[in-house]
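A.B. asks: One structure coming up, written as structure tokens, with questions to follow.
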Amino acid sequence: MDTEALKKYSALHPKPAGLTLQYGTAGFRTKAEQLDHVMFRMGLLAVLRSKAVASTIGIMVTASHNPEEDNGVKLVDPLGEMLHPSWEEYATQLANAEEQELQKIITEICQKAAVNQHKDASVFIGRDTRPSSEKLSQSVIDGISVLGGQYHDYGLVTTPQLHYMVCCQNTRGQYGKATLEGYYEKLSKAFTELIKKVNSPSSGEGQRHLKIDCANGIGALKLSEMEPYFPKEVQIHLYNDGTKEKLNHLCGADFVKVHQKPPRGLDMNPNERCCSFDGDADRIVYYYKDTTGHFHLIDGDKIATLISIFLKELLAKVGQTLKMAVVQTAYANGSSTRYLEQTLKVPVHCVKTGVKHLHHKAQEFDVGVYFEANGHGTVLFSKAAETKIRQLAKEEEDDEKREAAKVLENMIDLINQTVGDAISDMLVIEAILALKGLTVQQWDALYTDLPNRLKKKKKKRITLLTSHG
């Protein structure tokens with residue numbers, strides 16, 4: 001380690017006095033102007049993590065659904081999963097270290113985590129569309145370079161795309177090609193295969209229209225790039241594309257979910273399918289207005305239910321004893337849990353809040369569906385289940401079973417198993433609705449939500465409650 005270079009560069013990215021930050025589920029997030037030193041130091045940490053696991057590590061510069069003035073950073077582990085908990089601790093130590101302690105703390109991390117300093121290091125970097133993101137990702141590059149790491153800067157990408165690239169790279173292309181084209185091609189090919197099976201005349205919709213609120217974020221940019229790959233039957237209409245308004249301002253999945261109303265800038269006609277991404281495109285919620293003008297939100301719980309119905313039918317058709325389960329948190333709507341367990345007969349497991357807990361639990365099953373009510377979620381297939389499904393799609397002699405296996409195989413390819421991905425989840429939902437011939441109202445009517453107490457309480461009420469505490 002070049003001590004002098006570390007000193008010199010560290011001084012160029014000074015830590016504001018008295019600032020302490022904590023690496024949590026979302027990484028670090030705060031006001032953008034307070035993050036320069038954190039970015040530099042996460043560049044350092046990514047190199048150490050890469051050397052420790054002899055794999056490429058990802059760094060995403062984003063603050064997701066936070067206001068535009070904020071920014072943040074999170075590290076991505078080798079298979080596209082979130083940073084290992086023991087390293088969250090190292091991240092916090094490194095971010096909060098005084099300048100003169102930096103060298104010492106790096107040495108301690110190397111000892112505790114058995115980091116081989118002589119190994120090569122490789123880091124993938126991505127960033128969202130915030131005005132501060134480009135400069136902050138440059139600070140990340142400074143940190144990587146000081147410790148002699150190699151890096152590839154993907155520039156503007158959605159958070160799930162970076163997770164995907166890291167996984168592709170570390171599986172040596174088994175999961176896909178570690179390029180944006182590779183991502184677009186893999187997802188659109190699987191989607192096109194699924195849509196082919198839809199008989200347009202009987203489902204009554206030759207063309208499928210969908211209005212998408214992109215939260216004035218990266219989702220708009222990437223959907224525009226991906227649009228040429230979509231089959232002509234699918235017409236997407238982008239709103240809040242970032243050309244006029246601020247990121248996440250009165251729009252995006254979080255705004256729609258919390259306020260239970262449509263985003264600014266999107267006019268809804270009765271019974272039109274609409275959806276909202278969040279600022280870094282890892283969450284999605286759907287919604288529509290009925291003929292009386294009443295707004296209906298379709299959240300992560302209803303998305304998980306739709307996907308579970310579809311996968312359960314297919315698994316029954318292929319006749320395999322693959323074990324499927326849904327993982328939720330305590331924030332899930334009780335009606336969805338009841339519907340899944342009692343009507344669908346699918347086991348539901350409840351875990352602590354936080355994506356990492358959901359993801360970890362979902363890995364225990366052949367097919368694990370997990371969604372938070374806020375619209376962040378995905379489906380995980382075990383290696384054994386995937387191998388079995390791909391084998392049946394190729395070799396099964398019974399036509400019906402083979403066809404069902406092929407649909408499952410396309411679903412495996414369409415789903416981004418590394419992390420919740422708004423683009424991938426949207427295509428999964430659109431394919432299922434088309435294949436089942438369901439309207440957005442029929443989907444909504446699967447069960448009735450219990451009243452949602454998550455609505456932000458009026459300020460006055462909060463002061464009353466706290467003044468008695």
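Glycine is treated like the rest: Cβ placed from N, Cα and C.
Heads up, TrEMBL stuff is auto-annotated, nobody curated it.
Residues or ranges marked as domain 'Alpha-D-phosphohexomutase alpha/beta/alpha' in TrEMBL: 54-100, 104-166. The annotation Mg(2+) binding site is assigned in TrEMBL to Ser64, Asp278, Asp280, Asp282. Sequence annotations record features per position, and here TrEMBL assigns active site, phosphoserine intermediate to Ser64. Residues or ranges marked as domain 'Phosphoacetylglucosamine mutase AMG1' by TrEMBL: 178-285, 299-437. Marked as coiled coil by TrEMBL: 382-410.
On this model, are these features tucked inside or out on the surface, and what's nearby?
C.D. replies: Asp280 (Mg(2+) binding site) is surrounded by 34 other CB atoms, counting those within 10 A of its CB over all protein chains shown.
Counting residue by residue with DSSP, the domain 'Alpha-D-phosphohexomutase alpha/beta/alpha' (104-166) contains 31 helix, 13 strand, 19 coil.
Here the coiled coil (382-410) has Cβ contacts under 8 Å with residues 190-191, 193-194, 197, 311, 314-315, 317-320, 322, 363, 365-367, 435 of the same chain, all six or more residues outside its ends.
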A.B. asks: Tell me the residue counts in helix, strand and coil for the domain 'Alpha-D-phosphohexomutase alpha/beta/alpha' (54-100), as DSSP assigns them.
C.D. replies: 14 helix, 14 strand, 19 coil
A.B. asks: Can you give me the same-chain residues 6 or more apart in sequence from Asp282 (Mg(2+) binding site) with a CB-CB distance under 8 Å?
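C.D. replies: Non-local contacts for Asp282 (Mg(2+) binding site): Ser64, Thr158, Thr159, Pro160, His376, Val419, Gly420, Asp421, Ala422.
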A.B. asks: Just checking, which of Ser64, Asp278 (binding-site residues) has the fewest C-beta atoms within 10 Å of its C-beta?
C.D. replies: Ser64
A.B. asks: Calculate the per-residue pLDDT averaged over the coiled coil (382-410) and state the result as an integer.
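C.D. replies: Taking every residue of the coiled coil (382-410) together, the mean pLDDT is 96.
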